[in-house]
Amino acid sequence: MPLDQRTTLTQFLIEQRRRFPSASGDFNALILDVALACKAIARSVAFGALGGVLGAQAGSINVQGEEQKKLDVISNELFVRANEWGGHLAGMASEEMDEPYNIPGVYPRGKYLLVFDPLDGSSNIDVNVSVGSIFSVLRAPQDVIDSGRDVTAADFLQPGCQQLAAGYALYGPSTMLVLTVGTGVHGFTLDPNLGEFFLSHPDIRVPADTQEFAINASNSRFWEPPVKRYVDECLAGKTGPRGKDFNMRWIASMVAEAHRILMRGGVFLYPRDTKDPSKPGRLRLLYEANPVGFIMEQAGGRASTGREPILQVQPTSLHQRIGLVFGSKNEVERIERYHREPAPLKDDNPLFAERTLFRD
Ligand code: AHG
Ligand code: MN
Ligand code: MN
């Protein structure tokens with residue numbers, strides 16, 4: 001696309017503010033700082049082995065008890081440095097920081113909270129598969145804004161429906177930033193020569209139907225019955241109750257899976273399971289499930305725990321994990337229905353099969 005026909009991220013944000021005068025656009029500068037962090041991470045990731053950035057950070061374990069990779073630590077640092085100085089933030093929280101981060105006294109404090117997973121899909125870094133960053137912007141509680149006090153974990157415990165903006169950067173064959181400020185979902189591709197994000201995917205919509213699902217099948221013995229039922233029916237394909245064949249994908253990089261689903265539909269499940277009673281799900285509510293949930297809903301898709309919309313969940317702790325299902329609306333709704341319904345009594349009895357006189 002010729003340069004004079006392109007829209008930069010900056011231009012897009014300014015024009016959005018003009019089109020939606022009621023929408024507060026005063027976090028535009030914050031979004032641009034986040035975008036700068038993502039560009040810096042993209043560059044580090046792209047250098048790979050040549051940058052000396054691969055592998056584990058010696059002796060470093062995060063609050064989740066997971067080994068940190070060098071790039072987890074570098075990406076976290078880039079996020080913090082790019083966003084702490086601008087005066088927009090009251091505080092930050094990250095997968096890679098046990099406690100909330102307070103804006104140092106040398107900088108002014110603002111009215112927003114930034115929550116992020118600086119590098120999602122870390123297990124893929126050393127094998128050169130797509131990874132990403134995910135972020136969410138919340139408004140700080142009024143007393144934080146008024147007093148400028150330090151933030152606490154409790155200030156971040158807001159349901160996802162209160163997010164003002166959310167997005168992710170995908171470090172794949174090309175680097176993309178996908179963003180919602182509550183007016184649909186828009187994708188930008190990084191021009192690596194100019195170092196600028198350009199609008200390449202305006203108004204992304206998730207198809208309501210799909211024949212593609214993503215789940216880590218090695219956990220199948222720990223799944224709850226509704227999930228087992230759903231996957232079994234997909235696997236049964238044309239000969240089963242769904243009457244059509246499904247394809248399966250698992251990248252083990254949620255950002256990359258979310259992007260695939262935004263581009264061509266699909267459903268992603270990392271459901272609550274019985275693997276480890278101390279971990280109700282694998283993904284983290286505040287900086288993985290909520291931003292992806294906001295993006296999916298803004299693109300006409302759906303995101304759920306299986307039992308309730310993800311954006312309605314009241315968080316109880318900063319690094320809380322949760323079961324997550326998202327993607328094409330009709331599939332997510334079906335999975336929610338399976339959670340409400342009792343399991344079919346007998347799979348082989350046609351009276352109780354999925355499509356009979358007794359079910360619609
Ligand atoms: P992170 O690298 O930030 O810890 O998150 C990884 C997440 C997510 O990206 C992916 O969907 C999932 O973990 C992969 O889980 P498995 O290792 O069970 O495949
Ligand atoms: Mn992650
Ligand atoms: Mn991460």
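Note that Cβ sites are derived from N, Cα and C of the backbone, with glycine treated the same way.
TrEMBL lists Asp117, Leu119 as binding Mg(2+) 1, and of Glu77, Glu84, Glu95 the one it places in that same site is Glu95. TrEMBL names Asp117, Asp120 as Mg(2+) 2 ligands; from the candidate set Glu288, Glu297, Glu308, Glu331, the record adds Glu288 to that same site. Cα proximity to Glu95 (Mg(2+) 1 binding site) (within 10 Å) is found for none of the binding-site residues Gly121, Ser122, Ser123, Asn216. Across the domain 'Fructose-1-6-bisphosphatase class I N-terminal' (8-202), the prediction's mean pLDDT works out to 94.
Residue pairs drawn from Asp120, Gly121, Ser122, Ser123, Asn216, the listed substrate binders, are separated by up to 16 Å at the Cα level. Across the structure, Ser123 (substrate binding site) and Asp117 (Mg(2+) 1 binding site) are spaced 14 Å apart at their Cα atoms. For Glu288 (Mg(2+) 2 binding site) paired with Gly121 (substrate binding site), the C-alpha to C-alpha distance reads 11 Å. Reduced to three states, the DSSP call for Leu119 (Mg(2+) 1 binding site) is strand. A 10 Å cutoff on Cβ-Cβ distances gives Asn216 (substrate binding site) a total of 13 other Cβ atoms nearby, all chains included.
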